[in-house]
Amino acid sequence: MTQIDYTRAAKYFLLADFFKGFKLGMKYFFAPKVTINYPHEKGPLSPRFRGEHALRRYPNGEERCIACKLCEAICPAQAITIDAEPREDGSRRTTRYDIDMTKCIYCGFCQEACPVDAIVEGPNFEFATETREELYYDKEKLLANGERWESAIAHNLELDAPYR
């Protein structure tokens, strides 16, 4: 003789699991929407966000890059090419600083390796192009990016400073 489990039978016939699921569905149906209207609204970015590359300058206008080539050496995708020559005062500066953005994997190693914070990955993530050639960044393009995003880059580096 089998014993009947009345609690289980009541749950089955009264559709308890169905109504639990229905209640959960209605909770999310009437909850406020979390989707943002992207082109018109933008979500917050982390200070560590790695976007479009930029070369920075010192406040006096001199470029920061000292041509140590650490970023070129550490780049796992070999996307960075640097040529440099010494100046009359003995310091070295780059004559060519190219980044092939089609190769770049946005790992951030170049930014971490740079001893003077010359190369950084800025907050810009909207840099789609129509041709492949526009993704080959030269020194002038990188310096222009640095000038355009300097305030945001400096703010993000300041926020990230305790963790570096």
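Yeah, the Cβs are placed from backbone N, Cα and C, and that goes for glycine too.
As given in Swiss-Prot:
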| type | residues | note |
| --- | --- | --- |
| BINDING | Cys65, Cys68, Cys71, Cys114 | [4Fe-4S] cluster 1 binding site |
| BINDING | Cys75, Cys104, Cys107, Cys110 | [4Fe-4S] cluster 2 binding site |
| DOMAIN | 55-85 | domain '4Fe-4S ferredoxin-type 1' |
| DOMAIN | 95-124 | domain '4Fe-4S ferredoxin-type 2' |
Tally every other Cβ atom lying within 10 Å of the Cβ atom of Cys107 ([4Fe-4S] cluster 2 binding site). 15
Nearest of the binding-site residues (Cys65, Cys68, Cys71, Cys114) to Cys104 ([4Fe-4S] cluster 2 binding site), judged by Cα-Cα distance: Cys71
Other than Cys75, Cys104, Cys107, Cys110, which residues of the same chain sit close to [4Fe-4S] cluster 2? List them in sequence order, counting a residue when its Cβ is within 8 Å of the Cβ centroid of the site. Cys71, Ile74, Pro76, Ala77, Ala79, Ile80, Ile99, Ile105, Tyr106, Gly108, Phe109
Just the number: how many Å between the Cα atoms of Cys107 ([4Fe-4S] cluster 2 binding site) and Cys71 ([4Fe-4S] cluster 1 binding site)? 12
Name the residue among the binding-site residues Cys68, Cys104, Cys114 whose Cβ has the smallest number of other Cβ atoms within 10 Å. Cys68
Over the domain '4Fe-4S ferredoxin-type 2' (95-124) the mean pLDDT stands at 96
Which residues of the same chain, at least 6 positions away in sequence, have a Cβ lying under 8 Å from the Cβ of Cys75 ([4Fe-4S] cluster 2 binding site)? Phe109, Cys110
When you average the Cβ positions of Cys65, Cys68, Cys71, Cys114 for the [4Fe-4S] cluster 1 site, which other residues in that chain have a Cβ within 8 Å of that mean position? Ile66, Ala67, Lys69, Leu70, Glu72, Ile82, Cys110, Ala113, Pro115, Val116, Ala118, Ile119
Residue counts for the domain '4Fe-4S ferredoxin-type 1' (55-85) under DSSP, helix then strand then coil, are 5 helix, 9 strand, 17 coil
What are the helix, strand and coil residue counts for the domain '4Fe-4S ferredoxin-type 2' (95-124) according to DSSP? 5 helix, 9 strand, 16 coil
Applying a 10 Å Cβ distance cut-off over all chains shown, what neighbour count does Cys110 ([4Fe-4S] cluster 2 binding site) have? 24
As a test of the contact definition, list every same-chain residue at least 6 positions from Cys65 ([4Fe-4S] cluster 1 binding site) whose Cβ is closer than 8 Å to its Cβ. Leu55, Arg93, Thr94, Tyr97, Val116, Ala118, Ile119
Same chain, |i - j| six or more, Cβ under 8 Å of Cys71 ([4Fe-4S] cluster 1 binding site); the result in sequence order is Ile80, Ile82, Phe109, Cys110, Gln111, Ala113, Cys114, Ile119
